[in-house]
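Below is one structure; the comments refer to it alone.
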Amino acid sequence: MGNTFGHLFRITTFGESHGGGVGVVIDGCPPQIEIAAEDIQFELDRRRPGQSRITTPRKETDTCEIVSGMFQGKTLGTPITILVRNKDTRPQDYSEMAQVYRPSHADATYDAKYGIRNWQGGGRSSARETIGRVAAGAIAKKILQQAAGVEVIGYVKRIKTVEADIDPDQVTLAQVEANMVRCPNPETAEEMIDLIDQTRRDANSIGGVVECVARQVPKGLGAPVFDKLEAELAKAVMSLPACKGFEIGSGFAGTQLTGLEHNDEFYTDETGRIRTVTNRSGGIQGGISNGENIVLRAAFKPTATIGKPQKTVNQAGEATTLAAKGRHDPCVLPRAVPMVEAMVALVLCDHLLRHHAQCELLTE
């Protein structure tokens, strides 16, 4: 399994949905980064289940335990281990899934690859694995903010067909956190909540789009050819459970424009800094950040595990039906926001360290 991510700032996540716990080991974190357990807990609380009626009813406090790598509120430069223990496990809810495959879930492919799987809550394929990513992302955010003033903010842009008009240059964390669906447009947020409520009552699920902006990103992050910044961001974000699409800047809509319409023209601002008039490139050109805001979007499919009867097969290939039990999100989007933020922060933090190591080692 590919459980490790990153180059200089590396994370390895561990644990299963209904095992003893989940967590992360972070290697390559610089020393003397100021971070409190409360900073990590804040991000985990945004991700945790049971926080509202439109998320899974599983009740977990997701309390983080910092096992190593920190002392007196600062990082030591040694491996950081963060553990979150599972409390509200109900493996009996998944007993039927020991033999029967959930449509569009990882059950069948895990069996095909490994010949064995933890069917209790999906095991390693569960979104509970992302706890380690979000915890590591909290530290990456601190490094980015303290070293370069970078701010990473995600929000729900669309739920099924309900879409919000949001300015990524102006959106604030307070606006995002002002409602349970994490859409900074209050009117659209209410429409989204009503749609998720209706879907939940129908024992079904829906998907949507998370948009994320990284502001004040320094120029020069990323590298040709295979380590282009947008390629690294795409891999990171699409490694999240249920993520089925990724675009940056103008994305697929840019294919409808001509070069003259799409190109971001340059100018020099009043401080002498070279800027672009528009930002259809999404803050990245030639795989390298250009100093403009990085704007990306991630598409998340409807949750695979639903309560409606579906045709499927068991491990023997025999036809059957499954109406899944257990506790599941009718829509993953509200809880996916901190996950997307975390993966973006991890990539930017890793590339910030790599840029300093390669290009600024001998500069004054």
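Placed from the backbone N, Cα and C atoms, the Cβ positions cover glycine too.
Swiss-Prot annotates Arg124, Ser125, Ser126, Gly286, Lys301, Pro302, Thr303, Ala304, Thr305 as FMN-binding residues; of Arg85, Arg158, Arg327, the candidate listed for that same site is Arg327.
Around the Cβ of Thr305 (FMN binding site), the same chain contributes Arg102, His105, Gly122, Ser205, Ala324, Gly326, His328, each under 8 angstroms and 6 or more positions distant in sequence.
Looking only at the binding-site residues Arg124, Lys301, Thr303, the one with its C-alpha closest to Arg53 (NADP(+) binding site) is Thr303.
With respect to Cβ neighbours within 10 Å, the binding-site residues Arg47, Arg53, Arg124, Lys301 differ, and Arg53 shows the lowest count.
Maximum intra-site Cα distance, FMN binding residues Arg124, Ser125, Ser126, Gly286, Lys301, Pro302, Thr303, Ala304, Thr305, Arg327: 44 Å. Within 10 Å of its Cβ, the residue among the binding-site residues Ser126, Thr303 with the fewest other Cβ atoms is Ser126.
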